[in-house]
Amino acid sequence: MTSLTQNRYFQKLQDWHRDNSADINLRSLFDADPERFNNFSLNLNTTHGHILVDYSKNLVNKEVMQMLVDLARSRGVETMRDNMFSGVKINYTEDRAVLHVALRNRSNSPIVVDSRDVMPEVNRVLEKMRSFCQRVRSGEWKGYSGKPITDIVNIGIGGSDLGPLMVTEALKPYASGGPRIWFVSNIDGTHIAKTLANLTPESSLFIVASKTFTTQETITNAETAKEWFLGASRDPSTVAKHFIALSTNTSKVKEFGIDPQNMFEFWDWVGGRYSLWSAIGLSIALHIGFDNFEQLLSGAHWMDQHFRKTPLEKNAPVLLALLGIWYINFYGCETHALLPYDQYMHRFAAYFQQGDMESNGKSITRSGTRVDHHTGPIVWGEPGTNGQHAFYQLIHQGTKMIPCDFLIPVQTQHPIRKGLHHKILLANFLAQTEALMKGKSNEEAKKELQAAGKSPEDLEKLLPHKVFEGNRPTNSIVFTKLTPFILGALIALYEHKIFVQGVIWDINSFDQWGVELGKQLAKNIEPELDGSAPVTSHDSSTNGLIKFIKQQRDIRIE
């Protein structure tokens, strides 16, 4: 594939940006086009409510959007999309298909990898998950003392933690009748210790999520949990009633003491950060019930079908991806804020930090050459309105442009005080995107200060600080209610956005070699931390840090 910067549509966009970007003004665009909202928004009518994607408050016009769509087409987005859904091994560095879409393929149409339809295997594991969830949630599955399970602990890291954690938090209102859920990921002993302190061994069930069953953090935490558990049960045979494996390594699972009957498998065509749809989502299904888990899958499948069948010009994941390309590759933006105005979605941005940054934090193209353009952004964010009292100052008046996605449900799960809280939340959501778009002109700020009775001297001093440039781009994503179906659709929306950007940048969004080097070095350093002998095998900084740690670790601090 030709370098992105040599692509003629990319160059047309560069020329347009050079000649026009200084003059594009959102206020003027809205004033000039009364239909701008209708022309630059999508109303997705799902079978479980609507998702409105309003992208009218972006620094684009119809000409720019058409050039961006032409760029996507010329970069092979449609072909790569079809290849992914068809089981082609588009993860070329690992020679793997990319088929998280198969896990939620509710239409059950065949998806073939290596001449074999994967859907029978997918359905078999889903049925096993359904049966297991029913047994645990009904109380039929008993612990070693005959008590039902009250607490589930998911032990995993990365994709085996972030997705299930985000979804179980987002869907708490649907967890009625389910066990409590806990997540342990960090190798820091504080995480497992503080979790175990809340639990009773005889009614706790541990899910150990590791494809290879060799992930250091996960297995170390699982062994600690087993040691704690056996301290109470004093019978190794009871491990089978309290530990479940999500893995493909049967021998390691048996070695740990888990009955292979209690092992739920998944496949190498499921990437970790796309795995919540697989057996890795068992903790989700146990918490909210399998029927609701299926609704999550159905919502994602709905978005898959929209992404696969809708022309690029009206395709929500594609349009969000192209707007990101516009800001990253032409405006030089380095970050993207995800700002959900729903407390249940408080882990949404953290989840897509991995989803986006591990996928598109790459600098080498499919042909093995270094890119000559920017790729994945830094993704961050917090729920509204908390963020308004923390970092919105920089978004409004800082020196960096930060494109933002604002997300909110029209209906709240908790309409307390006759909906007052949610009305205030909605008002703040709407006000922020309008304020970022419009800003406050010098004249408007001056009139405001005069109306407040400021003296000429105070007015002159305060005026520059009260001006807001505006022209800050945002997307507004408004949905009827945060249900399992809608959450599934929203997650898939962003997954496909990330995929489209990776195709345009000509990088592999489905490997993660960048996480390996640090892990390799940590294995070498770990034995060097034993004893008191000085270490000289590293650079002076690392040697000095090791020396300091050895000096300080036995000092008694009250």
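Heads up, the Cβ atoms here are built off N, Cα and C, so glycines get one too.
Listed in Swiss-Prot:
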{"type": "ACT_SITE", "residues": "His389", "note": "active site"}
{"type": "ACT_SITE", "residues": "Lys519", "note": "active site"}
{"type": "BINDING", "residues": "Gly159, Ser160, Ser210, Lys211, Thr212, Phe213, Thr214, Thr215, Gln354, Glu358, His389, Lys519", "note": "D-glucose 6-phosphate binding site"}
{"type": "MOD_RES", "residues": "Lys12", "note": "N6-acetyllysine"}
{"type": "MOD_RES", "residues": "Ser86", "note": "phosphoserine"}
{"type": "MOD_RES", "residues": "Ser107", "note": "phosphoserine"}
{"type": "MOD_RES", "residues": "Lys142", "note": "N6-acetyllysine"}
{"type": "MOD_RES", "residues": "Ser185", "note": "phosphoserine"}
{"type": "MOD_RES", "residues": "Lys454", "note": "N6-malonyllysine"}
{"type": "MOD_RES", "residues": "Lys454", "note": "N6-succinyllysine"}
{"type": "MOD_RES", "residues": "Lys454", "note": "N6-acetyllysine"}
{"type": "MOD_RES", "residues": "Ser455", "note": "phosphoserine"}
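Ranking the recorded positions Lys142, His389, Lys519 by the number of CB atoms within 10 A of their own CB puts Lys142 at the top.
When the C-alpha distances from Lys12 (N6-acetyllysine) to the recorded positions Ser107, Gly159, Thr214, Gln354, Lys454 are tabulated, the minimum falls on Gln354. Comparing Lys454 (N6-malonyllysine) with Thr214 (D-glucose 6-phosphate binding site), their Cα atoms are 67 Å apart once rounded. For Gly159 (D-glucose 6-phosphate binding site), the number of other Cβ atoms no farther than 10 Å from its own Cβ, over all displayed protein chains, is 24. Distance from the CA of Ser210 (D-glucose 6-phosphate binding site) to the CA of Ser455 (phosphoserine) is 67 Å. Take the Cα of Gly159 (D-glucose 6-phosphate binding site) and measure to each of the recorded positions Ser86, Ser107, Lys142, His389, Lys519: the nearest one is Lys519. Listed in sequence order, Ser247, Thr248, Asn249, Lys252 are the same-chain residues six or more apart from Thr212 (D-glucose 6-phosphate binding site) with CB atoms under 8 A from its CB. Neighbour density around each Cβ, counted as other Cβ atoms within 10 Å, peaks among the binding-site residues Ser210, Thr214 at Ser210.
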